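Student: I'd like to ask some things about the structure below.
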Amino acid sequence: MVDTAVVDTALLEANQLSYHVQGQKLINNVSLQIASGEMVAIIGPNGAGKSTLLRLLTGYLAPSEGHCQLLGKNLNSWQPQALARTRAVMRQYSDLAFPFSVSEVIQMGRAPYGAAQNRQALQEVMAQTDCLALAQRDYRALSGGEQQRVQLARVLAQLWQPEPTSRWLFLDEPTSALDLYHQQHTLRLLRQLTLEEPLAVCCVLHDLNLAALYADRILLLAQGELVACGTPEEVLNAETLTRWYQADLGISRHPESALPQIYLRQ
């Protein structure tokens with residue numbers, strides 16, 4: 001049994017979550033906790049159920065069994081506006097059919113607040129995500145990586161508050177289209193925010209080395225089950241990764257942090 005216990009100040013708690021469609025169980029008996037100030041990475045092979053789990057943890061899907069609580073309250077009991085001010089979700093794909101400017105897309109994140117302090121919030125998150133130079137461009141004309149940065153700015157705008165407030169941010173592969181600089185910049189930013197604010201970040205990552213460098217804890221999902229949970233040192237070992245990824249790989253050490261780094265054998 002995987003030990004997923006963290007500190008008593010858990011921001012989110014999932015208890016025995018299962019989800020099935022037409023007799024097929026996509027998520028099976030997953031329990032976990034995520035604490036304020038934590039950065040958690042969800043990893044796993046293709047088809048493991050990572051995106052489905054993310055949707056269960058954010059209330060976009062109702063579990064077939066089990067329940068998920070945010071700040072001690074079941075997700076389905078939250079009022080939509082209050083939930084939108086407390087948690088934000090960056091999905092893997094966010095296409096738009098209409099000619100919105102970048103600033104208009106980011107401003108959509110402020111919908112739960114009306115006009116309250118929008119200008120300050122937008123300027124701050126656009127600067128954080130390197131989007132200021134993109135502000136007046138048509139979102140549809142951006143590269144995939146630029147669109148990802150805009151979507152990150154949007155969800156950060158959604159959670160922006162003038163005073164420290166417990167918040168919850170979920171991201172589905174937020175670095176998949178980014179170049180090396182912006183991968184590093186994005187994960188450094190998220191890490192910094194969890195250290196400075198009462199913010200919990202949980203993101204799906206395919207790059208195990210990025211997960212090792214920036215996550216406090218890693219959740220390994222396989223075949224819909226949580227098969228490993230712990231620090232990068234505890235989860236990212238050759239035996240565990242070879243078993244669940246079925247890849248011929250090895251583990252080395254980062255020359256500066258000594259954290260595990262994964263390489264594929266030729």
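Cβ atoms are placed via backbone N, Cα and C, with glycine included.
Below are the features I grabbed from Swiss-Prot:
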BINDING   G44, P45, N46, G47, A48, G49, K50, S51  ATP binding site
DOMAIN    12-248  domain 'ABC transporter'
Student: Name, in the order they occur in the sequence, the residues of the same chain whose CB lies under 8 A from the CB of G44 (ATP binding site) and which sit 6 or more residues away.
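Tutor: K50, L220, L221, A222, W244 - these are the non-local Cβ neighbours of G44 (ATP binding site), listed in sequence order.
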Student: Inside 8 A of the center formed by the CB atoms of G44, P45, N46, G47, A48, G49, K50, S51, which other residues of the chain have their CB, for the recorded ATP site?
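Tutor: So the additional residues around the site are L221, A222.
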Student: Neighbour count first, Cβ atoms within 10 Å, every protein chain included; then name which of N46, S51 tops the list of binding-site residues.
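Tutor: Per the Cβ count within 10 Å, the most buried is S51.
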Student: Using other CB atoms within 10 angstroms as the count, which residue among the binding-site residues P45, G47 scores least?
Tutor: G47
Student: Relative to the Cβ of G49 (ATP binding site), which residues of the same chain, six or more apart in sequence, are found under 8 Å away?
Tutor: L26, I27, L221, Q223, G224
Student: Specify the count of other C-beta atoms within 10 Å of the C-beta of K50 (ATP binding site).
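Tutor: For K50 (ATP binding site), the count of other Cβ atoms within 10 Å is 25.
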Student: Limited to the domain 'ABC transporter' (12-248), I'd like the whole-number average of pLDDT.
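Tutor: In the predicted model, the domain 'ABC transporter' (12-248) has a mean pLDDT of 96.
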Student: Specify the secondary structure state of G44 (ATP binding site) as given by DSSP, simplified to three classes.
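Tutor: For G44 (ATP binding site) - judged by DSSP and reduced to three states - the answer is coil.
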